[in-house]
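Listed in Swiss-Prot:
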DOMAIN    93-154  domain 'Sushi 2'
DOMAIN    347-412  domain 'Sushi 6'
DOMAIN    451-509  domain 'Sushi 7'
CARBOHYD  ASN72  N-linked glycosylation site
CARBOHYD  ASN81  N-linked glycosylation site
CARBOHYD  ASN144  N-linked glycosylation site
CARBOHYD  ASN195  N-linked glycosylation site
CARBOHYD  ASN204  N-linked glycosylation site
CARBOHYD  ASN335  N-linked glycosylation site
CARBOHYD  ASN426  N-linked glycosylation site
CARBOHYD  ASN431  N-linked glycosylation site
CARBOHYD  ASN434  N-linked glycosylation site
CARBOHYD  ASN443  N-linked glycosylation site
CARBOHYD  ASN462  N-linked glycosylation site
CARBOHYD  ASN497  N-linked glycosylation site
SIGNAL    1-32  signal peptide
Amino acid sequence: MTAWSLHELWKTSHSTLFQVTLATVLMAPVLGDCGPPPSLPFASPISQLDEVSFPPGAVLKYTCHHGFKRTNSSHITCDENGSWVYTTFCARKRCKNPGELVNGKIEILSDLLVGLNIEFSCSEGYLLIGSATSRCEVQGKGVNWSDSLPECVIATCEPPPVINNGKHSGREEDLYTYGSMVIYSCDPSYTLFGNASIVCTVVNKTVGVWSPHPPACEKIVCHQPQIPKGELVPGFRHFHTYKDALEIRCKKGFALRGNSVIHCEANGEWFPSVPTCEPNGCIDIPDISYASWDGNRFPLENTAVFEIGTKLKYRCKPGYRANVHDVQIVTCQENLTWSSPSGCERVCCPTPNMEKIKIVSERRDFTGTCVYAYGDYVFYICSEGTYPMTTDGRSSCQADGKWDPAIPSCEADPSLQNHFALTFPNISETNVTNRTYLLENENATESFIKAVCPKPEIINGNLSVEKEIYAEMENITIQCDSGYDLVGSSNIICLENRTWYPDIPFCIMEGPEDCEIVNKGRQLLQCLSSPEDVQRALEVYKLSLEIERLEQQREKRTSVHRKAHYTKVDGPFRPFS
């Protein structure tokens, strides 16, 4: 090969050849050499090398790091491309099997090679005493585990908690091992809330605790619910305890609104809420003034419930009549209300013709719209100069709107111009002369006489007006002393026949203290020893009352027919013969 000087090369005319030659000269030392040897994770060169460039084919020997062992030829070679070529020739050493962990387990994450960890854990209910991990590491010329096997010991709990108003089934022990269970119970009349049993468990794999929390014993009372128109199953009890159940039923005519079964809850309340019994028909019988219910087998009650479509018939009380001619019926309608009744109106009696009669006394009910209504009565006399009446001077307004007896018309008497005679039918003159009369207005031009009545003798009572004699048509009121009851009318009037009407009442003691003062059979049952005696006594008493009533009627008929004519005189009174 001919050597060329650089000057000569520049002078050549072959520029292309020059460029190729120059590149070859410059690249010759780079393409064939290897750089410094690589730093391997498992091995390093046997000796320290100072060279930074190695020719192709150069071989370097390596030695394995601690914890690794040689598995193949431990050298690297520089190839023609200037790269170090090698295969993995060192492998990690392996620690021995750690063995078996009693009541636990060992978790090998990947292998037992150097640098790797294993983990320890205990079985449920056991606590780990020692390290939870161990690492395979180099120790001297070999490898071993960084930590020895731990120990798994069974967990323990303190004695179970004591609760108020209750107890548990555990024995008197200082410690309870994992899995131990105790059962709680409450004292009588107390209810257990929570879990009755608790168990010794482990928390965070470090400590033994009782789980769940112990229960509590409380006294829970639910009061007996009050459900109008409802019935309870089971029957009546003042109190109910937790979780007691009640079934509610409604009485006939009422429908249940709500749940039929309720339970006593921990807060002392019923759940669901207590239902109600609502009417399933019409209630509250219509209040029809002056009417009574008719055609019903049993007395009607406001508390009864009537089904839809029920018809009730009513009738007006004596002295009243229907406002209209409609049927006197009310009906229970679909909306659970009664149809509107037509009602009753008062029956009125006509006002007496006052032209020739004079009303001297009356009893009237001034609260109504009638001048005279059913039950009212009047006392009357004929005006002066007219015929005397043929009745007893008293008439009552009846339920049909008529007076009974009918009020007569008094006719003028032409024979009585300047006087009128005094006569008593069916009474002898001798008897007449023995009667007492009162001369009215003795000094007047026209004088009249009136019959007088003697003072009534009321034992244990008093009169509204105290006098020895009372004039005809004069009213008095009788009132009994304290502790006595009035038998008869409290108001009486003096009639022209010198008798009191109605009969003079009397006062009797309110209640007998013993059998000696029993009045007319009152408290008779206390005085007789057998029912037969009582029956006979009542029959005798009834018979005596009938006799007394007949005598009074006979006396009344006799007094009614005693009528008198009075003589107009100019001086002292004298009866005509």
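Glycine residues also receive a Cβ, built from the backbone N, Cα and C atoms like all the rest.
For ASN72 (N-linked glycosylation site), applying a Cβ distance below 8 Å and a minimum sequence separation of six or more within one chain yields THR87, THR88, PHE89. Sequence-distant contacts (6 or more apart, same chain, Cβ under 8 Å) of ASN462 (N-linked glycosylation site) comprise ILE478, GLN479, ASP481.
Mapped onto three states, the DSSP output places ASN144 (N-linked glycosylation site) in strand.
Taken through DSSP, the domain 'Sushi 2' (93-154) splits into 0 helix, 32 strand, 30 coil. Its Cβ placed at the centre, ASN144 (N-linked glycosylation site) has 15 other Cβ atoms within 10 Å. When the neighbouring Cβ atoms lying within 10 Å are counted for each of the glycosylation sites (ASN195, ASN204, ASN497), the highest count belongs to ASN497. Taking ASN81, ASN144, ASN195, ASN497 as the glycosylation sites under consideration, the smallest Cα distance to ASN335 (N-linked glycosylation site) is found for ASN195. In the three-state DSSP assignment, the secondary structure recorded for ASN195 (N-linked glycosylation site) is coil.
Put simply, of the glycosylation sites ASN81, ASN195, ASN204, ASN497, the one whose Cα is nearest the Cα of ASN144 (N-linked glycosylation site) is ASN204. Of all the glycosylation sites given, namely ASN81, ASN335, the one with the smallest number of surrounding CB atoms inside 10 A is ASN335.
The two recorded residues ASN204 (N-linked glycosylation site) and ASN195 (N-linked glycosylation site) have their Cα atoms spaced 22 Å from each other.
Per-class residue totals from DSSP over the domain 'Sushi 7' (451-509), listed helix then strand then coil: 0 helix, 30 strand, 29 coil.
ASN81 (N-linked glycosylation site) sits 81 Å from ASN195 (N-linked glycosylation site), counting Cα to Cα.
ASN195 (N-linked glycosylation site) sits 101 Å from ASN497 (N-linked glycosylation site), taking the Cα positions as reference. In three-state terms derived from DSSP, ASN204 (N-linked glycosylation site) belongs to neither a helical nor a strand segment and is classed as coil.
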